[in-house]
Amino acid sequence: RTTDSEPGGGIFLQLTGGAVAQHSPRPPGSQEEGMNDVQEMIKTEKSYPERRLRGVLEELSCGCHRFLSLADKDQGHSSRTRLDRERLKSCMRELESMGQQAKTLRAQVKRHTVRDKLRLCQNFLQKLRFLADEPQHSIPDVFIWMMSNNKRIAYARVPSKDLLFSIVEEELGKDCAKVKTLFLKLPGKRGFGSAGWTVQAKLELYLWLGLSKQRKDFLCGLPCGFEEVKAAQGLGLHSFPPISLIYTKKQAFQLRAHMYQARSLFAADSSGLSDPFARVFFINQSQCTEVLNETLCPTWDQMLVFDNLELYGEAHELRDDPPIIVIEIYDQDTMGKADFMGRTFAKPLVKMADEAYCPPRFPPQLEYYQIYRGNATAGDLLAAFELLQIGPAGKADLPPINGPVDVDRGPIMPVPVGIRPVLSKYRIEVLFWGLRDLKRVNLAQVDRPRVDIECAGKGVQSSLIHNYKKNPNFNTLVKWFEVDLPENELLHPPLNIRVVDCRAFGRYTLVGSHAVSSLRRFIYRPPDRSAPSWSTTVRLLQGCRVLCNGVPSSHPTGEVVVNMEPEVPVRKLETMVKLDAVRAEEEKEKRKKKGSPLLWFWPGLKGPMKGKEKAKAAKEEKKKRIQSPGPGQASEAPEKKKPKIDELKVYPKELESEFDNFEDWLHTFNLLRGKTGDDEDGSTEEERIVGRFKGSLCVYKVPLPEDVSREAGYDPSYGMFQGIPSNDPINVLVRIYVVRATDLHPADINGKADPYIAIRLGKTDIRDKENYISKQLNPVFGKSFDVEASFPMESMLTVAVYDWDLVGTDDLIGETKIDLENRFYSKHRATCGIAQTYSTHGYNIWRDPMKPSQILTRLCKEGKVDGPHFGPPGRVKVSNRVFTGPSEIEDENGQRKPTEEHVALSALRHWEDIPRVGCRLVPEHVETRPLLNPDKPGIEQGRLELWVDMFPMDMPAPGTPLDISPRKPKKYELRVIVWNTDEVVLEDDDFFTGEKSSDIFVRGWLKGQQEDKQDTDVHYHSLTGEGNFNWRYLFPFDYLAAEEKIVISKKESMFSWDETEYKIPARLTLQIWDADHFSADDFLGAIELDLNRFPRGAKTAKQCTMEMATGEVDVPLVSIFKQKRVKGWWPLLARNENDEFELTGKVEAELHLLTAEEAEKNPVGLARNEPDPLEKPNRPNTSFIWFLNPLKSACYFLWHTYRWLLLKLLPLALLLLRLALFLYSVPGYLAKKILGARARHPPGSGTPPFFLWS
């Protein structure tokens, strides 16, 4: 638009590597503007912000639809790379999803959900910005350099995608064909940090980037009223832009900048304050406001007038799109140049010469402008800007400028009356309570501090604390001053709190300061007594029942009766409670939404029933109630209800967040000192805190309402702070109950920690180092600590968790700090939680030294409430509320005595319903506090569950602390007898015969004790899947009934110093295996029984099915801890190739649970050993080891394989044997018969001898 022809300097444009591509989602400018509008409407409490947000979401949904329709037409473009195509598909998917979500979200926007939905819209905005950035560089960016003596002084970079021209409106760059204001910055490293935030020059340029064929449109966006100066006609010169533009139409204007005030500015001085002034830039002129010393919330109340401004273009264009105004805030230093504090931009309200200066447009209203320092916010500016056209008559037609009202301010002109806020007389009452934790100033301790309060040029000083160490509280509590404040509460100036130390020789040293940016929460609004408070009454009537003691009873008009259902008093029971050591994820989500009740380590407290047990018990109870007495039977007395168990309320966060930081009347203001750190410095506001001021404010219009001053006991010296307690030192017994820690940050190289508790309160430092818990990130401490403290000197309690180390110092894991003083004096009564029931004995014994009736009487007296009026029995009246409840209490001996404590406790639990003074009282609770480490700011190191009781020493001494120590596990012994198996799959093939068989044995263990697993002997060569064992397992273990967990303590490794405790579910695992001698055993199937709830075993093997283990059949569940002895058949399952369960066997077992004492009285032997041995199983003869009995194996092989053949061959062999013998003897027999052989007589013998032959 303009060039400098001098050889030494000028402006030139350069194209360099940049990023842009077609069909990227357009940067979300309109959505961002709409969301800023919604934020501004919420901030200024304008009506119907939800309508504007719905419009923004509707526009987003329509924009996504338009993008999808355009991109869908151009998907098959030939010039696109694969990256372009894939990115386009990704953008289309994201925007389609975003459009649907925006459409759904639009229907959910309500008045009470605007803030939450606005945060979701911010996510849409961030996603759109991410999608709008092109990952592939295709067109270079535009650089504008400012030169001086051929040296580059400053530059500005404009993304090419913002300048790209397109005939499609959605693809048109946001700055294309527009006059754009650019701010040049320093190049190189000098442009980073605070030095780069200052503006080197301001330029107004008209930029256009497009295709050559579209060059005819390059001047389409210029303001009207110009003439082109073209170069001489030559080769192609007609296609180039003109050499220069001459504007023939210009308008004369006057700018009036009404600089009223700023708040929450950047602290540029070491004192924590600044000396701010504002510099206003418009076109080629600039002016400054006056400098206000030592403040972060300056009220300039000054009008800056810019005369003789010449703007070029048509009048209507200037009216619709005027040039922007730049406002920069600086800190004036006595030495050196002013320090930059922040910058903001504004557009003036334009009045043309033919317009009337009258409502609704004029005079302009003051608006807030966000001040930015780099990318961070640095305060707000309250100002108004108007641009007035000077007509033909000159300045006479302009609204008159009033002269300076205050002569002392010299030529400074104040903001005109029509623009400045309408002021009213207010009174600001200040409660000076005390100062806490003041740090040293210039290496000297603070000894005699004082607090100065200032607002709108007026203020008040507190009394002087003569000795800060002995008593940091003020003697005079309440002071006030009157000041003129705007009637519009949004325009109230900030209130400054400064603490100075009064030192020797009349010197005053600033300790720290605090700026209360908004006084709205301290404004007193008198109640509208003319309108009846029907909302509370209706809510109570809907939620409670009218008292009717058997017959209809009437009560005076205006009374609201709250009937508490009489309950059987809770008696001391042998009971336990379930609470997992590691919180379940579902339980976490529930407790995030609301505080969940928790039954903690009450001595002998019974845990609630679970799941099906509870449903079953409810059904039985219902049957009992339905059953009526039989004919002729007298109606018996109603059965006693089951005693109710008291529960502690668990808050998933700090107690302060539930009760507004206990700032119902006493507030805490952090005192700051030092410069505010920039992003690169890494400093935080916590590092600037040098102390705390405790007090309060009350702002109201004068005169004081008559109904307040006429109240009984009104003390004018206390103003609106009637009935506050004394701030004299008081001795208190503080009792800290530390329950457990969760999700601790690991402190050792093994990923674990050895945590223990450390308590610090004043000079008391307790380290429970001896009771550290080894290798735990979720330790259960169950400790209570008693500490005596003196308020206010010792009021900040620090509970820390340290990691114990064998060598070296212990490491801090995290700590949490609790301001006990605010709790002690709060009207919510956070000294000791209100119990659910009043009991004089048992686990839930009343802990407070004051009984409920005494507490109720005290609250009524302090709040000037009518009551309490007890009577008739079981009834108490407080104000216009009547509470009922049980009128008797049961002592330790079972004797019932009359008492008023139950109805008094009922009134305390509904104290928030009492008109005018009612508030929610803190119940018995456990709060969950985050643990933080100063070396890792902002990162949570874990969470700590605890509660704190406080008892004044001048009251009766409280009882002994509750025993919340973790329960110790009880020793048990589980005896498991494996009798038989059946239908076991056959895995092996016989080597000789090829038959299927298995060598079955059963393995069992308790979960967590796998190294102590036990095996039966092997049933060899089972051909039918049947196995006989008669084998006994013995499993001793430690069990926590409250948590239903087995406790195991063991060393992780041989180098471990201590044993680590594990809590695991009580589960018995039974597995069936096939034994192999020369290879690994084959797994066949298993079942895991939860000892607290497992299916009842089948009576026979046929009745045992796979569905018993999969849960497909409704099988009654049993608990071994209740039934003690269970016997039956259970299925064994395994996964097949399709990853589906299949039945692989059945096992008959008997489970017997005994305590350690019972097991010692009745000992049994392991396996089949003494004492009480089991009989040997009656197994088939085939059950033996083959290679150890080769002859027996061969005989079995032959007989089992060829027995029918052998039976056939045996008679045949006998027959053949007889035939062989016959053939052998036949020849001799035939010779005898045929030849007739005879014996011969020897010579000389007498009688011839006889010879027998056969």
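Numbering starts at 1 and runs along the chain as displayed.
Yeah, the Cβs are placed from backbone N, Cα and C, and that goes for glycine too.
What TrEMBL says about this protein:
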- 1-36: region 'Disordered' (REGION)
- 237-362: domain 'C2' (DOMAIN)
- 409-535: domain 'C2' (DOMAIN)
- 598-645: region 'Disordered' (REGION)
- 610-623: compositional bias 'Basic and acidic residues' (COMPBIAS)
- 704-833: domain 'C2' (DOMAIN)
- 954-1105: domain 'C2' (DOMAIN)
- 1202-1224: transmembrane segment (TRANSMEM)
Maximum Cβ pairs under 8 Å to the domain 'C2' (237-362) among 409-535, 704-833, 954-1105 is reached by 409-535
For the domain 'C2' (237-362), the DSSP residue counts stand at 9 helix, 61 strand, 56 coil
May I have the DSSP-based helix, strand and coil counts for the residues of the domain 'C2' (409-535)? 12 helix, 56 strand, 59 coil
For the domain 'C2' (704-833), the DSSP residue counts stand at 16 helix, 53 strand, 61 coil
Averaging pLDDT over all residues of the domain 'C2' (704-833) gives 90
